[in-house]
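Swiss-Prot has this to say about the protein:
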DOMAIN    25-157  domain 'MARVEL 1'
DOMAIN    162-315  domain 'MARVEL 2'
TRANSMEM  35-55  transmembrane segment
TRANSMEM  58-78  transmembrane segment
TRANSMEM  95-115  transmembrane segment
TRANSMEM  131-151  transmembrane segment
TRANSMEM  165-185  transmembrane segment
TRANSMEM  197-217  transmembrane segment
TRANSMEM  233-253  transmembrane segment
TRANSMEM  290-310  transmembrane segment
Amino acid sequence: MPVTVTRTTITTTSSSSTTVGSARALTQPLGLLRLLQLVSTCVAFSLVASVGAWTGPMGNWAMFTWCFCFAVTLIILIEELGGFQARFPLSWRNFPITFACYAALFCLSSSIIYPTTYVQFLPHGRSRDHAIAATTFSCVACLAYATEVAWTRARPGEITGYMATVPGLLKVFETFVACIIFAFISEPSLYQQRPALEWCVAVYAICFILAAVTVLLNLGDCTNMLPIPFPTFLSGLALLSVLLYATAIVLWPLYQFDQRYNSQPRRSMDPSCSRSYVQPNEVCNWDRRLAVSILTGINLLAYVSDLVYSTRLVFVKV
């Protein structure tokens with residue numbers, strides 16, 4: 001049974017494969033993996049920057065992802081090489097794996113969005129070749145970060161930080177999916193002046209905030225500041241999120257695709273999806289509605305899994 005701590009004075013993960021405060025950290029499996037992450041993200045943004053192939057929102061997102069992941073990975077390597085984990089302002093038990101999970105999801109999204117919405121519309125030539133190569137290195141980075149998550153996640157019977165457990169990793173996934181939902185509903189006309197759809201947007205926002213607060217509490221090692229026991233907080237949060245998303249999974253598709261509510265059940269009925277209207281790197285309204293419906297279902301499954309796994313955790317204080 002997985003074991004986690006609500007508060008700890010230990011600053012390094014017990015499952016770390018690196019030698020803390022030594023150059024040998026770079027020769028251990030986890031250190032070599034982080035070097036691969038560092039190199040692949042650096043090469044990805046360097047290739048794109050050298051030809052300026054990152055204009056527009058999709059290109060900007062990809063460039064931000066690679067630069068951000070490179071910078072934070074470099075900070076983690078410096079911390080471990082210098083043995084500065086005790087001085088790090090965040091919980092070292094929780095920070096590396098939390099970042100690795102976010103980085104894997106960020107790089108995955110860039111590896112999909114960048115080539116499908118940007119690269120394929122570039123003319124053949126040096127810029128396109130560099131963009132394709134950058135996408136390849138983005139995929140490598142995604143695999144490297146996912147491998148780190150697999151290596152450092154909690155094992156049955158192991159004492160570790162909450163973010164290394166399945167519910168902790170699910171919190172990262174839930175917040176990431178919510179951010180994608182927010183991107184798709186950035187067009188207010190999709191839900192304004194329709195109370196049922198506005199309720200769905202409120203659900204996405206409330207659940208995102210609660211999950212993000214959980215992540216921040218663990219990163220700051222502040223779970224003891226809650227007015228209620230942390231396990232109770234987690235169980236209540238997961239149950240509330242499941243109930244809220246259960247309403248959204250019914251209301252959003254119903255009011256977006258049912259003709260009884262003046263919606264378009266087929267893509268061809270939405271004028272914003274006509275070829276003459278949609279720009280190459282834009283998503284039409286019907287596709288946005290469908291994407292949000294799918295992502296709502298995915299996040300509901302994540303919250304259900306979160307609720308189930310949370311009941312299997314044993315919390316101890318050391």
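Any Cβ shown, glycine's included, is placed from N, Cα and C.
With a cut-off of 8 Å on Cβ pairs spaced 6 or more residues apart, the transmembrane segment (131-151) and the transmembrane segment (290-310) reach fewer than 3 such pairs and are scored as not touching. Remote same-chain residues near the transmembrane segment (165-185) are listed as 2, 4, 94, 97-98, 101-102, 105-106, 109, 149, 153-154, 191, 201, 204, 207-208, 211-212, 214-215, 218, 234, 238, 241, 283, 288, 291-292, 295-296, 298-299, 302-303, 305-306, 309-310, 313 (criterion: CB distance under 8 Å, separation of at least six residues from the stretch ends).
Here the transmembrane segment (58-78) has long-range neighbours at 25-26, 31, 34-35, 37-38, 41-42, 44-45, 48-49, 84, 95-96, 99, 103, 106-107, 109-110, 113-114, 117-118, 134, 138, 141, 145, 281, meaning same-chain residues at least 6 beyond its ends whose C-beta is under 8 angstroms from one of its own. For the transmembrane segment (35-55), the list of distant contacts is 26, 62-63, 66-67, 69-70, 73-74, 77, 103, 107, 118-119, 122, 126-128, 130-131, 133-135, 137-138, 140-141, 144-145, 148: same-chain residues at least six beyond its ends, Cβ to Cβ under 8 Å.
Averaged across the domain 'MARVEL 1' (25-157), the predicted model reaches a pLDDT of 92.
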